[in-house]
Amino acid sequence: MPYYRKVGEIPPKRHTQFRSPQGGLYAEELMGVEGFSSDSALLYHRFLPTAMVNAEVLDDTRGAFADNHPLKPRHFKTQDLKFGGTTDAVTGRRTLFGNNDVVISFTVADEPSPLYRNATGDELLYVQGGAGTIETVYGALTVGDGDYVVIPTSTTYRVVPDGELRLFVAEATGHVGPPKRYLSAKGQFLEHAPYCERDLRGPDEPLLVEGEDVDVVVRNRNGLTKVTYANHPFDVVGWDGCLYPWAFNIRDFEPITGRVHQPPPVHQTFEGPNFVVCSFVPRKVDYHPLSIPVPYNHANVDSDELMFYVGGNYEARKGSGIGIGSLSLHPSGVVHGPQPGAAEGSIGADFFDETAVMIDTFRPLQLGEGAIDCEDPRYAWTWAKRGPDWD
């Protein structure tokens, strides 16, 4: 995280005695990334965070991936995905795409998740709809429609929906944060950044949950393990540091526009290992007298482009069958661009009312079971208006 935060009670000096009112020592825990060489937080527990009483292997329901073969643009309708019975935001994820750097999934949750800890990397959650609370070892975050939530690797948390909660999830194998070009050498957002510290929300107070023999589902590169702890992990009385979960709403992203069409990097919001995340939000569009506001045709020669359509009307995709909740995948190796007539139809427009989340990956994406279940087979042929599955 770009800045320091302090929550609850902590001692004046780190790594010194810090005692409870009853006289016992609180257990200090360092959460640090990149060994001891980058951001960290110090948490103070009532009980030992190391006290495990059991560990057992869990079945991993993520399943195998299939290649995008034959290579073609694809359209997926998350609004058509089925979720049987009650669903939680961890075990109820339907896997959409993945590679060695990131796994992307979607869920519609209506019950609290188990306590969960992803030790393979940071998670980025996007709330497509609904509201809820993300309870973490650092405290709670109240989230709602349009919120991004960054959960650092190995953070113990659970998701508690308030009704139905629709989540788009990117699980990285490294760390997710603001692009380095938005930050000063000391981590402050620079003046040209499209968002800043004032737009971010973090936990405000400890949760202090009690409990014994508490299960935590842990993911690492070997799969899933259910670890049982002697005491509840949310026994933290205070913490400080620059590593913690935080939320940012897509509506607080300030769009950058120009006289002619601006390329996707101006919309970048996050960076991860071999992928970037961009936010397309309602905005004034190009104002050159001869401008064409929709994107030009382009070939992603080094990346796969995944676009999640979450609000408004995406002008470049009119006539494609894409709607709210759709995902388009435009892989490297094929050219993509506006649907027929979209370029001409956009001329003279001065405002686009559209909201979308884009993930560009620099390694090819494979298809998960959820994507295969909700694919529209006609999409690749919508530019030519003919082809397999068209009639």
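Yeah, the Cβs are placed from backbone N, Cα and C, and that goes for glycine too.
Marked as domain 'Homogentisate 1,2-dioxygenase N-terminal' by TrEMBL: 23-249. In the predicted model, residues of the domain 'Homogentisate 1,2-dioxygenase N-terminal' (23-249) average a pLDDT of 97.
A 10 Å cutoff on Cβ-Cβ distances gives H261 (active site, proton acceptor) a total of 16 other Cβ atoms nearby, all chains included. Taken from TrEMBL, the feature active site, proton acceptor covers H261.
Taken from TrEMBL, the feature domain 'Homogentisate 1,2-dioxygenase C-terminal' covers 293-367.
Annotated Fe cation binding site per TrEMBL: H298, E305, H336, in sequence order. Annotation for H336 (Fe cation binding site): spatial neighbours P73, N297, H298, A299, N300, E305, H330, criterion Cβ-Cβ under 8 Å with sequence separation of six or more.
The homogentisate binding site annotation in TrEMBL covers Y314, H336. Counted within 10 Å of its Cβ, the other Cβ atoms near Y314 (homogentisate binding site) come to 25, all protein chains included.
Residue counts for the domain 'Homogentisate 1,2-dioxygenase C-terminal' (293-367) under DSSP, helix first, then strand, then coil, are 8 helix, 30 strand, 37 coil.
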